[in-house]
Amino acid sequence: MADSLKMGSLSLNESQHAPAPNSSGRAAYIPPHLRQRQTGANMDGAPAAAPPAPGPSGPGNSWGSRGGPRGGNWANANAPDFSPRGPNPNGNTSWTPTEGSRRSFNPDAYGNPGHGGSYGGGSARGSGDGQWRDGKHIPGPANARVERELFGLPNDPTKQNTGINFANYDDIPVEASGQNVPEPVNAFTNPPLDDHLIANITLAHYQTPTPVQKYSIPIVMNGRDLMACAQTGSGKTGGFLFPILSQAFQNGPSPTPAPASGQFSYGRQRKAYPTSLILAPTRELVSQIFDEARKFAYRSWVRPCVVYGGADIGSQLRQIERGCDLLVATPGRLVDLIERGRISLVNIKYLILDEADRMLDMGFEPQIRRIVEGEDMPHVNDRQTLMFSATFPRDIQMLARDFLKDYVFLSVGRVGSTSENITQKVEYVEDHDKRSVLLDILHTHGTSGLTLIFVETKRMADSLSDFLLNQRFPATAIHGDRTQRERERALEMFRSGRCPILVATAVAARGLDIPNVTHVINYDLPTDIDDYVHRIGRTGRAGNTGIATAFFNRGNRGVVRDLIDLLKEAHQEVPSFLESIAREGSGYGGRGGRGGRGRGANATRDMRRVGGGMGGPPSFGGSSYGGPSAGYGGSYGGGAPSYGGSGGGSYGYGGSGGGGGYGNPSGPTGPSSWW
């Protein structure tokens, strides 16, 4: 048996994988990664070149064979040089010393964030990335795959463009107050915008700026601070991305500060120095802003990054190390990264607070003040600060005094109201009848578009989505107890139409721009009318039309008066049962004369011109919530100031007797579970 197999003639030095032909005449085996090398065997079976002489480590030690590919015989000899060492003067890029000379260590050759080599040497950072070289912006090459990912194909249902009523935006009233307000623009042109940005705007199929963009672009390009109020879905994200990206393309990156004496860099620079910082309240909103930033920074030297809580911090750190020029962040995670020494704000030129009122509602004011006032961010006079939101109650405008300088106040449309593109319907439905009425509505409207259903509790979101699945309706749910991966997957399935019904808690109510939502159903009405405004604002975006249905019963009578006013403002039909319940008197003492957050008489006006320059009485206090309030406190926490008062209402910002119902870190539940 052994003789027939010639086992006795075998030796360790002989193998069919040897570089010489074996006894059967077959060609020598060449590993796949070496088959195209000139020193390898030809495809017709010609013998391979002899291997290099063994090094001092012995014949079997590939680590000691300097003539072979580094990393051993399994390494890809054609792989790029990832060493942080600088190039050899004679052009040799391998690790092997040449002619007895060892290359000097170059700490900027690899992993320099912020510029990726483009600031100094001008090298591109990756496929499709541009560079800044010799004081000029050089766009990168086009990449069809990336373009398809960012901008979609023509008529792509997942990419929403302007709707049939977009032209009606020109009729929306605009108020801009401040000194020397720049004239608005009417088109995406150069000047004031950079040509490369205009090319990306064209790829995104944007044709005409929205009213907020018409005013915000020249205001920001002229170096002014801005506080902008606009309806949801009116293009606020483009309102701040367009001007800051355009100026970045024209002015280039800022130099990285030199390390302090005694500090050394070991190749990869661990601290990032972004020039633009965008703060937003939730993971979903920062992810959405990041996607828009990637779109309009396509083929440029600007590298956007996003960081938020609830996700793996290691992957976010690696993303930052590869380069971070524009950072989109939630306040909590940003404070964490600053404490770790991984992000410095010393180079910040632009600070943007998006959905600022929601961030204060969620109890983020201490983190925001620490980021803006307690770290190394430039002084208010040395940066541009922009605030964007759909509502600006008085406490936000008071915050603007500390963060903004000589700002322009921009109010577009009836801020805090709803779009006339949304057809609003209010149905009287008792709690035990809601599921059957919901099924009737879904059967009537079908699943041709996307339907977003809002509920108040996480348990109800899971319960209702399971019920719809049992009724053969493709539904999914999103709420704060889901992991980040589950939430992202649910949103992706909803956006793509594979699961056209999404049941959500308020986590998805503000800021999310989900294309082609045709129907919003308020299964549970919120207790605050502003939350209702932002919920139904998920449809009827960018001039498209939509339907909003609300289930109302006597348990919601606290918002009946505001709801009636809202329907009248938007020229919608007011059901008779709403008027009847309002006349019963229960709805007329609940809000202190229509004084909810953001919906007081002055919520859309420049407070510098109201009440003696921010010194007058608040517009949303009153006796309905515990008597007169002093200064700007007390509206939600009895008569005590809402900033640290002892009453601590459900929306308070501290206080020993309560805590923020929306995740105030001082509240009884600790930090919020939403973000």
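Positions of Cβ are set from backbone N, Cα and C atoms, glycine also.
Per Swiss-Prot, the listed range annotated as motif 'Q motif' is 186-214 (candidates: 157-185, 186-214, 360-388, 534-562).
Secondary structure at THR237 (ATP binding site), as computed by DSSP, is helix. A strand conformation is recorded for ALA230 (ATP binding site) in the three-state DSSP classification.
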